[in-house]
Each structure stands twice: as structure tokens, then as C-alpha cells.
Amino acid sequence: MPKNSKVTQREHSSEHVTESVADLLALEEPVDYKQSVLNVAGEAGSKQKAAEEELDAEDRPAWNSKLQYILAQIGFSVGLGNIWRFPYLCQKNGGGAYLVPYLVLLIIIGIPLFFLELAVGQRIRRGSIGVWHYVCPRLGGIGFSSCIVCLFVGLYYNVIIGWSIFYFFKSFQYPLPWSECPVIRNGSTAVVEAECEKSSATTYFWYREALDISDSISESGGLNWKMTLCLLVAWSIVGMAVVKGIQSSGKVMYFSSLFPYVVLACFLVRGLLLRGAVDGILHMFTPKLDKMLDPQVWREAATQVFFALGLGFGGVIAFSSYNKQDNNCHFDAALVSFINFFTSVLATLVVFAVLGFKANIMNEKCVVENAEKILGYLNTNVLSRDLIPPHVNFSHLTTKDYMEMYNVIMTVKEDQFSALGLDPCLLEDELDKSVQGTGLAFIAFTEAMTHFPASPFWSVMFFLMLINLGLGSMIGTMAGITTPIIDTFKVPKEMFTVGCCVFAFFVGLLFVQRSGNYFVTMFDDYSATLPLTVIVILENIAVAWIYGTKKFMQELTEMLGFRPYRFYFYMWKFVSPLCMAVLTTASVIQLGVTPPGYSAWIKEEAAERYLYFPNWAMAILITLIVVAVLPIPVVFFLRHFHLLSDGSNTLSVSYKKGRMMKDISNLEENDETRFILSKVPSEAPSPMPTHRSYLGPGSTSPLETSGNPNGRYGSGYLLASTPESEL
């Protein structure tokens, strides 16, 4: 035996060495399990070293309060997608009809899987890598894939926070800089910028002043120095918020999670008082039932559920791992899911109220412009004044009067009507103009705010809300990266966290080129969606089919003190995996049928044009997806063929009394069943562990066989009968 073997501790220690497990059990006294724990893990299914688990349980940080933890989960799950993605999907997919598939999928997929992630994180008290290594070593790659997806999302998500920071500082002006088109002066003549005149002031400011965007993803255009500085500020804020782990991020959550609700409440009250707000809300809640039968709507609803609750990222697991074992995570799952859905509906009400106001403004503008055209035609005798109803007053022209005049002209001048270039100016058309993602926040909403009284105040509040929403999600995303890495590889927390932020900033320079917005689209729409779906379905399979749903439900009963509803059993076992398998298949088919692309802003046309990604961009996109899911088959292969240890050849026996821990780990083959260190035999604790390592499908828990008269406590507990003299 090597001289440095831990077993040789007996030669240099004055402590009593128990001759065998049988002797130790014979001398055992009743022990308080909260103060003394014996963990033995030695079978092939054992997933963690018991000594490491106990040390982590002793030293692992914990939330200061339940409120802090709930706010952290809310801050992570409630993000920018609730503000601009959910309202856009409602507008695009039939208004109130979209709520039906979303709610159905939230109940049968979202809440059960959110509860599952909360439970495994709280039970095992590890990040995503440690959790899935514990549940099923061959699927341990799930944790690494979660970290990679978190990295991809964090890279572009913080760029969006940088955009919000830019608009936040630009909001301290009156009038707002995007309220009017810039005027170019050439001597005594003043000309409105052509690109702005063709589009709108807010659109021009977004694409030209903020992004200074190129015409395609192939045209880099160099770095946008303004956005580079904003990205640096964003990563500095995130770094300061997460550098101390939950000790620093938990305090930030009190403001970043609650402030957005204050702003949303203010915007809702202000929005409801705007003229035309009711039109927008009624438009939103008027369902288009045919959309409910569209498979694409269900696919998008499922994707939104995943992103809204943060499933598969590892952030949910990381936050719950800092909880106490007896925390009621079932209540947490229901509460956070409800608050998330409530926030999405609240944000949608605000958005549609404001968009209803904007639609009325734009409709009135349309009426005025077309009325001027008609007056011009009347003055040039292109149209006869007999076509104008006698009660119409051009100085006080209402929408109703214009529509009456428009219909008369269209009926009489049917053959020449298209040449007149008159628009119908329908409010419904304005409300149907769907604006996706960043366009909703940085174009449509900002344009509406220019018409508010005290518009700079509302603009400052709005973009401060976006910064806080993004910060809450970024804290959870960073936790999904740092917590599992720190837990697994024991790297210094502060140094590793700062290193991650610095690395992410430099890689994030890709997104602050003039073509950076197109790369954001690539990462947001494609690189994370499919890998996340794969991760979540494998999480479900690992727990429900490999670990075992019955066993998991039993452990939940022991942990929570009550048995969860049987509803979860059927969701985890059958319904959720089936639904997610269909979703994964649909996503793959969608990528094959519709080539990935992006909306490019063409400067000469002052309009968007949908372009397909070039071959090199497609290669990057495919590489991102492969890299995100690659750890899963790699780890499976290495552990299936025993090329990577899963800890099955390690027997860890640990004894803890107060803060004292003695550990024997990595014992040699002839030693691993023979030694337990203890001060005196009377201090030997009960052999019942506080939690049971997974022994594989069909295995028997140590707790279930501890009464075996042969002295064997399941396959993980072997009695040492060889005399000490044989060593």
C-alpha cells in the first residue's frame, strides 16, 4: 500500500480505529441525525462522494430569507421576453386565442418541469452538472450542455441590456432624440434625412443612430463604439451583481425584481387613460379561433413556456440548490409560474393599451395626409366636388367622415381609383401591424412615448425597467454557468466569475459590430431553442424513466413532508416527454422546411428585407447547435464504455459531529470495505443516511433493507470481516 494512502492515517493517529462495521454497530448509541451523519456510497449507481456532500451541506451558502429566494426565481424567469416576446406572439397568433395553447402547455409541461428542476436542485444541492451526474452519470452531459446554452444566451442577452442602457441615457433630453427626423443643412437649404423620411423618426434612430446597422450580415462594418461602451457597462453591472454569488445577487434582486412591477403598474394606469387604449385591449382579447388549430402556434407557445420559466438553463437548479431541504418547492413552482404568467398578461395589457393609442395617432395622421391628397385632386379638377358629401368639413375631418368619402370615391372612380393612391386608414390595419422583439420595445413603444406628456420621464422609467428585467435574467443565467462549475471543479468563486464576465465581454464584441444585430437574431432565434428542447426532454427522461418516477415521488414525499399530486406522476412519466418529443420533431422539420434567415435593414430602401443566412453563417449556426448538445453524447459514450469514471469505484465513508469531518475516499481495492475512523466506538452514528444515493433502476435503497439480519445494508453497505492484521 502506498505510504500516502489515507488508510495509513491509523499509523499516525491516536484515534481509536473500529475493527469492523459489525463492531461499530454493536457499540452504537442513539444519535441526533441533524448533528451526525454517516454516508456510505460505493455501488455503481453512487453519484457523489459522501464527504464532499457533507462538507458542501456544512459550508454551502444559503438564501437570507424565503422572500429573497422567490424574488431571485422571479427575476430569472420574468425577463425581457415577457415584455416584448409574449405580446408579439399574442398579436401575431390570434390575440386571446393564443392564451389557450400557452396555458395548456404551461400546465402540462411548464409547471411540472419547473417543479422537477426546483426539486432536484433542492434535494441534491448542486448545480446542473452535479445534479445530472448524481441522477444518471451517463446523462451527466446534460449539465455541461446547460452551461453552454447559458453562455450562448448570456452573450447576446447582455447586448440587449447594453441597448437599453444607451436608450436610458439618451432619454434625459427634451424632446426625445427619436421624436423627429434629423434635418441636414446645406447652406441656406434644409433637407430632411432621406432614410428617416422614408421610414419614421423612431425607426431611423434605432437602425442608424443606435445600431448604425449594415445592409447584411456579411458586411461587418467594424465596431460600433457607442454600443461597445454600453456593453462594457452592462457586463460591469452584471459582474458586480454576481461576484459574491447569492450574497451579492440576492440583495440586487430586491430592486431588480420588484421595480419592473412598479413601472408596469404606472404604465398600465397611464395607458388606460390614453385615447384609443380600449381599442388596443379589445383587439388583443378578440380571439381568432382558427389560429388555435395552427401547429406553428402551439410550437411557438411551447418555446415561449421554456424561455419564460427558464427551463433547461440550469439557473432554476442553481438557485434552488441554496435552499434548505424542507423548503416547500411545490408551492414555489406554482407561485413563480403564476407570477410569470400574470406578468406576461400585465405587460401585454400595457403594450396593447399603448399600441392602441399609437394606432389612433397613426390613423389620424393617415386621414390628414389622404384628405390633403383629395383636396389637391379637387383643386386640379381630377375629382368632382359632387363626390364629397355636403356635411364633410375638411378642417374638422373625422375618421368616419373620411371613410364615407373614401367609399364614395372608390365606387364612382372604380377604374381610376388605384392611380389616386388613397389609403383606407383603417384602425384595424394599424393594430394588426405586428412588431417583433426589439422592434416592439425600441421602435413601436418608443414612438408611442413621444406622444406622452412628460415623455422623457416615461422613457427613463421604461428603459430602467428593461435594464432591471434583463439584469434579473442575467443573474440567473450567470448562476447557471458559475454554480455547477464551482461545485464540480472547486475553482475560486470570485476569480472565476470575473473571468467569465471578461471573457464574455470580449466574445460579445461580435454583437456590437454594425452587423451585430443579425448575429443576435442567429443566437436568439436558432442557437438556443433546439438545444434547450433536447436538454429539457432528457432531464425529464433522466428523472422519470431512469431514476424512476415512483422513487422520485417517494423522495419528494420525504423531503416535503407530503406527497405531491399524482398529476405530476403522469405528466413526468408520459405527457411531458411525449409533448416535448413532438416539439423537438417540429423544430427540426421547421429548420429543414424553412431555411433560417433574418430581417436586414436596407439603407437605400429604408425598409426591412428578409434574407437567408449565407453558407458561412449557416455553418456557424449548425456549429453552435452541435456544440451545445455535444457534451450529452460524449459523456454518455465515455461512461458507457468506462472511459470516464462515474465514481462507482469509490467508497466514501464520512462521519460528521458538529463541524468535524473524517473522510476515507478512493481506498484501494483491498481496503475499501474495512475502515471507519471514529474517536470512540460510542460516537458511531446510525447507518441511516439523510439522503439516499441513486442505486440505478430496480435497485434497492439502503433505507429499505437496513433491517437485513445478514448485516448487509443494500449493495452499497458491505460488512468488513477481514481482520485488521491482514492489511
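The chain as shown is numbered from 1 upward.
Glycine residues also receive a Cβ, built from the backbone N, Cα and C atoms like all the rest.
Database features, via TrEMBL:
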- 69-87: transmembrane segment (TRANSMEM)
- G75, V78, N82, N340, L469, S473: Na(+) binding site (BINDING)
- 99-120: transmembrane segment (TRANSMEM)
- 141-169: transmembrane segment (TRANSMEM)
- 225-246: transmembrane segment (TRANSMEM)
- 258-278: transmembrane segment (TRANSMEM)
- 301-322: transmembrane segment (TRANSMEM)
- 334-355: transmembrane segment (TRANSMEM)
- 457-483: transmembrane segment (TRANSMEM)
- 495-514: transmembrane segment (TRANSMEM)
- 526-547: transmembrane segment (TRANSMEM)
- 567-593: transmembrane segment (TRANSMEM)
- 613-638: transmembrane segment (TRANSMEM)
- 680-727: region 'Disordered' (REGION)
- 698-709: compositional bias 'Polar residues' (COMPBIAS)
Contact call for the transmembrane segment (69-87) against the transmembrane segment (526-547), three or more Cβ pairs under 8 Å: no
Considering the transmembrane segment (567-593), which listed stretch of 225-246, 301-322, 457-483, 613-638 counts the most C-beta pairs under 8 Å: 301-322
Same-chain residues near the transmembrane segment (334-355), Cβ under 8 Å, at least 6 residues beyond its ends: 70, 73-74, 77-78, 82-84, 86-87, 90-91, 99, 103, 106, 110-111, 114-115, 261, 264, 267-268, 271-272, 274, 277, 280-281, 283-284, 308-309, 431, 440, 444-445, 448-449
Recorded stretch that, among 258-278, 301-322, 613-638, has the most CB pairs under 8 Å to the transmembrane segment (99-120): 301-322
Close approaches to the transmembrane segment (301-322) from elsewhere in its chain (Cβ under 8 angstroms; 6 or more beyond its ends): 60-63, 69, 72-73, 76-78, 81-82, 85-86, 89, 93, 98, 101-102, 105-106, 109-110, 113-114, 117-122, 124-128, 131, 143, 146-147, 149-150, 153, 246, 329, 332, 336-337, 340-341, 344, 473, 476-477, 479-484, 487, 529, 532-533, 535-536, 539, 579-580, 583, 587
Neighbourhood of N340 (Na(+) binding site), C-beta criterion under 8 angstroms, separation at least six: I74, S77, V78, N82, A308, L309
CB contact flag for the transmembrane segment (613-638) and the transmembrane segment (457-483), at least three pairs under 8 A: no
Cβ within 8 Å of the mean position of the Cβ atoms of G75, V78, N82, N340, L469, S473: remaining residues of the chain near Na(+): I74, F76, S77, G79, L80, G81, S257, P260, T343, G472
Neighbour-count leader, CB within 10 A, binding-site residues: N82, S473: S473
Most Cβ pairs under 8 Å with the transmembrane segment (526-547), selected from 141-169, 225-246, 457-483, 495-514: 141-169
